[in-house]
Amino acid sequence: MKIVVIGAGAWGTALAVNTAGAVEAAGSDAPRHQVTLWARDAALVKAMQAERANTRYLPGVALPGNLLLQGGGETSLAEAVSGQDLIILATPVSAARGLLQSLQQASVPVVWLSKGFEAPVAAVPHSAPSLASFGLMVHEIRAQVATDLRAGILSGPSFALEVARGQPTALVAASEHAEVRDALVAAFHGTSLRIYASDDIVGVEVGGAVKNVLAIATGLCDGLQLGLNARAALITRGLAEMTRLGVTLGARAETFTGLSGLGDLVLTATGDLSRNRKVGLQLAQGKTLAEAVKSLGHVAEGVYCARTVVQRAAGLGVDMPIAQSVVALLDGKLRPAEAVAALMGRGPTTELA
């Protein structure tokens, strides 16, 4: 199978490395797939070609010799996707609309890895690009700009570094098209990646987006040293918020007990490699949002989509007090201790409400 990964950030590079390193059978040296990693940044592409490593986004990981590296003005997006069997979009949500518009005539499956909602410019620090609309998940953007595209999402609990190293990881391939799900299983299911299929693309997308916001809250909780009891309560009640929003948007409740819901939430909220968790930890230390984001050097999608999640929930009448507290913190309207007091001071209710 010929596979092109668009976007050479940490996750795109990791998936390309893992897939390029897969072989036909145990004991064989024959590559299972022909994999291309494409990026717009000319300097990044040249550096990867020269060093056979992505030291900017995934340092310490060697790029396999059979991984093709393209882009940077030498190879256009159209040229990169031509003749491929599967197109993977490993870019931030902010790039999804433009890419899907460019690929709307693609005759092969197009699958994204990004987790989040489009966000208004005012909610995004550091001068994010203007967007045509906001509040949409990628499958909703696709419905607007590329209705005939056979598309899906690959999601679940997955730190890029562990995927690149070939450590065991389980993911969900979600699409309303069975052929897209089958293509993802054929492409990635192997010795280190286990792929589960789902047709609940709404649930898988909501889980992947909302967990980033909740991970900021959990990082804050741990940074304030509120204890393991508080962390467990926050994750559990956060899962309830995620499920309420997802079901209201048309997802199945059981999806949120799976890899793309509970699994991804636990990993992102507690794992030390989590960017969103790091934002919460730094806010707890008294750093400003701008300082926290700048120190990451990478995108933390929870910062970019938190307000959109809350706005979407409010428009649907969905109660999300933890997510609301995160937005108030990011906006500087609440201090960490005040956010904790506000959450603990809410009136009693039943657990499943």
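Glycine too: its Cβ is placed from the backbone N, Cα and C atoms.
Around K211 (active site, proton acceptor), a 10 Å sphere centred on its CB holds 32 further CB atoms from the protein chains shown. The feature active site, proton acceptor is assigned by Swiss-Prot to K211.
What Swiss-Prot records for W11, R40, K115, A160, R275, V299, E301 is NADPH binding site. Residues within less than 8 Å, Cβ to Cβ, of R275 (NADPH binding site) and separated from it by at least 6 positions along the same chain comprise L296, H298, V299, A300.
Per Swiss-Prot, the feature sn-glycerol 3-phosphate binding site maps to K115, G156, S158, K211, D264, S274, R275, N276. Its Cβ placed at the centre, K115 (NADPH binding site) has 28 other Cβ atoms within 10 Å.
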Point to revise | For G156 (sn-glycerol 3-phosphate binding site), nearby residues of its own chain (Cβ under 8 Å, 6 or more apart in sequence) | key: T169, A170, L171, V172, L259, S260, G263, D264
Check your understanding: How many Å lie between the Cα of R40 (NADPH binding site) and the Cα of N276 (sn-glycerol 3-phosphate binding site)?
Key -> 25
Check your understanding: Across the record's sn-glycerol 3-phosphate-binding residues K115, G156, S158, K211, D264, S274, R275, N276, the largest CA-CA distance in angstrom?
Key -> 16
Exercise for review: Reduce the DSSP letter at E301 (NADPH binding site) to three states and note it down.
Suggested key: helix
Point to revise | Whole-number Å value of the largest CA-CA distance among W11, R40, K115, A160, R275, V299, E301, listed as NADPH-binding | key: 23
